[in-house]
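Participant: Mind having a look at this structure? Questions to follow.
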């Protein structure tokens, strides 16, 4: 009997594929059906929103958000169980990694702020609340404010730990720590700026909807455009680094530097040479294309809010296309790839055919079993 409660997600997925493989084509059909139901359920959330925004359906917003409430219930149940059992696998002697109960309560309450925000928005859209949108978004501001304080506190602690380790260290080690401190400062500043951009976006949306801001929707979404520019800058910078590196003479032995993570304090071996794609231009263009497909609904939403001349369903069109392509790829992978047994790497049909063609004698089986045990012990 399998102990499903102690299985990891990887083990459960392997067991699922092995179980489906026993049914052959039927197992594939069942798996495709499960994937279809999963994709369809998650697509119901934005589709219901668009239909309600276009007044195609006249349901209460609480009814429109029923799929979202189901996802929330599953998420918060899993989050509570994860926080409650997060220290179950920790070594009793290693108490440094154990999280205090107060922190677990804080993490769960902070996550609940997003649920409170969803309830407030549903009540606001129904007209059951006379609050301004700024007041409705208070849980979101508190949530992102706590994230901002966590980023600052984590960066400050990491900087102090690196500064303390640099005292009395060798020259080469001190130089590595200085580089790590500079990288830590850049990472913390980047996180703080992005966090402030999210808060600013909420404030601008609230002021615009409440009528306190007389500006175009393209101006209101300036923080979103900054996010788009930030994400697009990564493949561009990577392309120019790869182009500059291609002009440099190649060294025979790349130098490695031993560093440590500022938060986990674990030793890390880093190679100075960054992995470069064989086709950096194609890599950059594909990455920018994916970012554009994922962020294009915000551009369509701005145009929809500015003039309102087309249906809200067109806002979701790029995401629907991406999800459809991903769904087709998964279905093709399930249909084309045979279910192999992860233990012996052969398909069940092939194994049955091989066993039917040749059955080993007792001596051969004993020798093969001894070889298998010796290899497994090695």
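Positions of Cβ are set from backbone N, Cα and C atoms, glycine also.
Automatic prediction, not curation, is the source of TrEMBL annotations.
So TrEMBL lists the following for this protein:
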TRANSMEM  29-49  transmembrane segment
TRANSMEM  61-84  transmembrane segment
TRANSMEM  105-125  transmembrane segment
TRANSMEM  137-162  transmembrane segment
TRANSMEM  215-236  transmembrane segment
REGION    249-269  region 'Disordered'
COMPBIAS  258-268  compositional bias 'Basic and acidic residues'
TRANSMEM  281-301  transmembrane segment
TRANSMEM  313-337  transmembrane segment
REGION    344-378  region 'Disordered'
Participant: If I count Cβ-Cβ pairs under 8 A between the transmembrane segment (281-301) and each of 29-49, 61-84, 137-162, 215-236, which range comes out on top?
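Facilitator: Selected stretch: 215-236, with the most Cβ pairs under 8 Å.
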Participant: So if I exclude everything within five residues of the ends of the transmembrane segment (61-84), which remaining residues of that chain have a CB under 8 angstroms from its CBs? That is, six or more out.
Facilitator: 41-42, 44-45, 48-49, 52, 104, 107-108, 111-112, 115, 118, 122, 125-126
Participant: Taking residues 6+ outside the transmembrane segment (215-236), which of them lie with a CB under 8 Å of any CB in it?
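Facilitator: For the transmembrane segment (215-236), the list is 194, 197-198, 200-201, 204-205, 208, 283-284, 287-288, 291, 295, 298, 301-302, 305-306.
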